[in-house]
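Following: one structure in structure tokens, then a few remarks.
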Amino acid sequence: LHSAVTRIQVQRPGFNYTFAHICILNNDKTCIVDDIVHVLEELKAARSSNRTNFAITYPITHLKDGREVYNGHQLGGVTVHSKDRVKSAEAIQLTYYLQAINSLNDMVAEKWESIFCDTVELFQKSNRKVKMYPFTSSSLKEDFQKTSRVSERYLITSLVLVVTLAILCCSMQDCVRSKPWLGLLGLLTVTLATLTAAGIINLTGGKYNSTFLGIPFVMLGHGLYGTFEMLSSWRKTREDQHVKERTAAVFADSMLSFSLTTAMYLVTFGIGASPFTNIEAARIFCCNSCIAIFFNYLYVLSFYGSSLVFTGYIENNYQHSIFCRKVPKPEVLQEKPAWYRFLLTAKFSEDTADSEETNTYESHLLVWFLKRYYCDWITNTYVKPFVVLFYLVYISFALMGYLQVSEGSDLSNIVATATRTIEYTTAQQKYFSNYSPVIGFYIYESIEYWNTSVQEDVLEYTKGFVRISWFESYLNYLRKLNISTGLPKKNFTDMLRNSFLKAPQFAHFSEDIIFSKKYNNEIDVVASRMFLVAKTMETKREELYDLLETLRKLSLTSKVKFIVFNPSFVYMDRYASSVGAPLQNSCISALFLLFFSAFLVADSLINVWLTLTVASVEFGVIGFMTLWKVELDCISVLCLIYGINYTIDNCAPLLSTFVLGKEFTRTKWVKNALEVHGVAILQSYLCYIVGLIPLAAVPSNLTRTLFRCLFLIALVTFFHCFAILPVILTFLPPSKKKRKEKKNPENREEIECVEMVDMDSTRVVDQITTV
């Protein structure tokens, strides 16, 4: 396999590049290859010469030239006998290092990586007994973007399901008052806003990434609820009013709360799109969400509002809600077939008594269910204890999960499932988790290496690690020569020049020291490095992150100036900032929103209840998210930020209606709040869940995290809206005692007395006094 890889050629005009042309070179101008290759070559040579005394030790072995080499990250699944002698190994890891010094070299290296994967897969077909997992520097990017391609047909299925359910949610048996077109046009409004944002991002040179898959669902939760709330407000208006008056009433009733929640979305995602966020993918996601939400607000005001007016005129003219033709009177329908009468069923205002006029929309299934059954059931005295008990169980399980929450540091969480990244990281975790990756320990100042105390300081900083570079070897070499480690400076430099650098066992480490010559021909060591490896537990993936943090803190407080580096630290920094930055931004936006809303809400109790509800929902989502094997990474944190806004979207109207209600009992206002806003919440929730379900089948860990987080947010918010809040508000503040209004002496009371007289006699039967 190694021979096949080194023979790979990249054809360019006039020249064919091989590994030897683009590899990183050693001091002797040869390609740097893993030491395990030299071990295998010596093992092959020993077998060909029938030598049986050749042994490989683990994790450090000795080569024929006397060099000590570390193979802990190159041999995996090792079984040893005696002390450290290798009996067998289940896996070998080979790494090839390429240069990227200019654009041409970078282009050739990228093409070489592509051919490398094809070569390994072709080699796999002819050697089926050995399983191979290729991985390159571009594999993670390619597999991250693959999520979009594998999600296409599932997203189309989701769109079809949402369109179907949105139309059904706005339909009713009455063919005049049914509004199926508004369900479709509401979804079209959300789609137009999302496409507008995508177009603006593309025109301004923005980069697409797979996190954009979450934006349609952000828009679905916010945009559809706004349109359903407007439709719900339309049902509350009087049918004998003009369309303009009914439309004005709809905007006055629903657009204030929709404007406030839109402002909250813009503030939250606006902070995420600001320079405060140091993750490009998260920043672009928030920027795209901001643009989509802003245009959704404009489209709801203009496009959907106009659509509502148009369907209002259709209703007032008694035209069919789908076919827009005039609906005949009941006496005409009696002469038509049964199927025709079924399609054109409608209730005319002249056939409805004045007392029944407000109930013309009760034939809508959801309105009828909430008003006739659910509102009475949830406020029943015998149901409340079970709801409270269920809430305590909810808090208990949420707490159990919250105590186990962990930050995600696995690269496989953000890519599609059947990819090279998943296969490679799974194999690496299985076979190569006994030792950490090789960590570079770089001393970037000129220190007194001949000083015993300095040597002890360096060895103390690297205590607990396997040291596999020149400094440890130098000390051992001096001890073998029986020379004191406390050499004077002159003897130390002479040792470097004469003995140390010429010793064969140190030839490999000559690139680990940087010298400078002074005017008196003395050699000064201005920088040096060693490589460290830590022993890790197979099941503790987060140990490497803790190791990074420990070494960083040590580098800030140590006497010797040093830095540490490993390529895997880049991903760990990315994960650390992907969790910390969004959480910091969400806290800033939450504080701003609380300050902002304090001046806008009519009662401070609305803020109090809203804050408690959001805290309860977020606590539950984090807890159940952890129990569902979802770690706290960039995707889940972005979902949690969205969850704050989603909860406010659904719960704020309910709480406002309840808190601002006067005169009647708490139970009466809970029922009223559910009747007024419950239908819109239920319609939005059903469409949202149906849209999420196909996402669960996408073969990608990113969409799996997205589905689980968004599903929990929707489920827990729905549970609070329809169970927790309706029960708790019936016995907690605010009080609904009747308040006596102070009479204003300047106001005059106008009294009208009406006498109702029995027509058969002259007896007065009743008097009605209107104030």
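The backbone N, Cα and C atoms fix where each Cβ goes, glycine too.
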State the residue range annotated as transmembrane segment by TrEMBL; the candidates are 154-174, 280-300.
154-174
Could you tell me which of the ranges 82-102, 208-228, 355-375 is annotated in TrEMBL as transmembrane segment?
208-228
Decide whether the stretches the transmembrane segment (154-174) and the transmembrane segment (248-269) have at least 3 CB pairs under 8 angstroms, with pairs required to be 6 or more apart in sequence.
no
Within this structure, do the transmembrane segment (710-732) and the transmembrane segment (382-403) have 3 or more Cβ pairs under 8 angstroms, counting pairs 6 or more apart in sequence?
yes
Long-range environment of the transmembrane segment (676-698) - Cβ separation under 8 angstroms, sequence gap at least 6
147, 150-151, 154-155, 157-159, 161-162, 165-166, 169-170, 187, 217, 220-221, 224-225, 228-229, 231-232, 235-236, 364, 366-367, 370, 374-375, 650, 653-654, 657, 704, 706-707, 710-711, 714-715, 718, 721-722
For the domain 'SSD' (151-310), the averaged pLDDT of the predicted model is 88
What residues in the same chain, six or more past the boundaries of the transmembrane segment (710-732), come closer than 8 Å to it by Cβ-Cβ distance?
214, 217, 221, 374, 378-379, 383-384, 387-388, 390-391, 394, 609, 613, 616-617, 620-621, 624-625, 628, 639-640, 642-643, 646-647, 650-651, 654-655, 658, 666-667, 670, 673-674, 678, 681-682, 685, 688-689, 692, 695-696
